[in-house]
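**Q** One structure, pasted below without further comment.
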């Protein structure tokens, strides 16, 4: 069996920054103050469990935190959430991905200039929810073509996109949204790491008999990788979270297997999968 590992796979810059920020806070916490993350730091259960073993616990809202430090997750949060944390005198540690922070700044700037905001992305994803919180939660969120029909004619509109959206989906939807106004400011805010991982996964999936995509089942960027691989290998793409999820009986029937991993997947999880397959 030959294994082909995607050139771009695993931790992205934003995720690595968030994890390093969290463990730095753990190391510097000499007074054993309470440390929390607002929502899962990243969409990876193994990393979240590791943080909990070091005394960093996940809370869903500021109302659940009375003291100590709160780490803002890589997906970012609304402007109002910062205000609530400040009101409670919490120590705010901002681990927002820099690329997400850039979107928040764009949205706030153009909203204050009188633009309506259109966010291309999943309205239920924490990144999109957080971004919407920088324009008073008044954005039009567009995930599919039918969502564009709900947007009225606008004087001026600013278009941004969730960092993990497929480029093809962004291009199609942004073109349609642009027809809603004569004054359009458009920003392709897809993270370059997302684009690299998607392109790399597509290339590998064209060269192998089966694809394994490693990443959290709730990870948006991992789900996008699965969808891309299934375009090439609809019946031979396997989404797993860890090595224990491998269907070794099915996989031993393939000659060439491709491997990629979501941006929230630690390298040690990838290594465990590779080792297990090489022992077949």
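Positions of Cβ are set from backbone N, Cα and C atoms, glycine also.
Okay, so Swiss-Prot annotates it like this:
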ACT_SITE  127  active site, proton donor
BINDING   12, 97, 191  [4Fe-4S] cluster binding site
BINDING   43, 75, 125, 219, 220, 221, 264  isopentenyl diphosphate binding site
BINDING   43, 75, 125, 163, 219, 220, 221, 264  (2E)-4-hydroxy-3-methylbut-2-enyl diphosphate binding site
BINDING   43, 75, 125, 219, 220, 221, 264  dimethylallyl diphosphate binding site
**Q** Closest of the binding-site residues to residue 12 ([4Fe-4S] cluster binding site), Cα to Cα, picking from 75, 220, 221?
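**A** Result: the closest of the binding-site residues to residue 12 ([4Fe-4S] cluster binding site) is 221.
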**Q** Count the Cβ atoms, other than its own, that fall within 10 Å of the Cβ of residue 125 (isopentenyl diphosphate binding site), considering every protein chain shown.
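**A** A count of 21.
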**Q** When the Cα-Cα distance from residue 191 ([4Fe-4S] cluster binding site) is computed for each of the binding-site residues 163, 219, 221, 264, which gives the smallest value?
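**A** Result: the closest of the binding-site residues to residue 191 ([4Fe-4S] cluster binding site) is 163.
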**Q** Express the distance between the Cα positions of residue 221 (isopentenyl diphosphate binding site) and residue 97 ([4Fe-4S] cluster binding site) as a whole number of Å.
**A** 14
**Q** Starting from the Cβ of residue 191 ([4Fe-4S] cluster binding site), draw a 10 Å sphere and report how many other Cβ atoms land inside it.
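**A** The answer is 24.
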**Q** For a quick check of packing: other C-beta atoms within 10 Å of the C-beta of residue 97 ([4Fe-4S] cluster binding site), how many?
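**A** Around residue 97 ([4Fe-4S] cluster binding site), other Cβ atoms within 10 Å: 25.
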**Q** Same chain only, sequence gap of 6 or more: which residues have a CB within under 8 Å of the CB of residue 163 ((2E)-4-hydroxy-3-methylbut-2-enyl diphosphate binding site)?
**A** 14, 97, 99, 100, 103, 127, 189, 190, 191, 194
**Q** If one looks at the chain holding residue 264 (isopentenyl diphosphate binding site), which residues at least 6 apart in sequence have a CB under 8 angstroms from its CB?
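**A** For residue 264 (isopentenyl diphosphate binding site), the qualifying residues are 11, 15, 42, 43, 44, 47, 215, 216, 219, 221, 222.
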**Q** List every residue in the same chain as residue 75 (isopentenyl diphosphate binding site), at least 6 positions away in sequence, whose Cβ is under 8 Å from its Cβ.
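**A** The answer is 39, 96, 97, 100, 125, 126, 127, 130.
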**Q** Hey, what's the Cβ neighbour count for residue 12 ([4Fe-4S] cluster binding site) at 10 Å?
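**A** For residue 12 ([4Fe-4S] cluster binding site), the count of other Cβ atoms within 10 Å is 27.
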**Q** Going by DSSP, is residue 127 (active site, proton donor) sitting in a helix, a strand, or coil?
**A** helix
**Q** Counting only residues 6+ apart in the same chain, whose Cβ is under 8 Å from the Cβ of residue 220 (isopentenyl diphosphate binding site)?
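**A** Expected: 43, 122, 125, 127, 162, 164.
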**Q** Measure the Cβ-based neighbour count of residue 219 (isopentenyl diphosphate binding site), defined as the other Cβ atoms within 10 Å of its Cβ.
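**A** 25, counting other Cβ atoms within 10 Å of residue 219 (isopentenyl diphosphate binding site).
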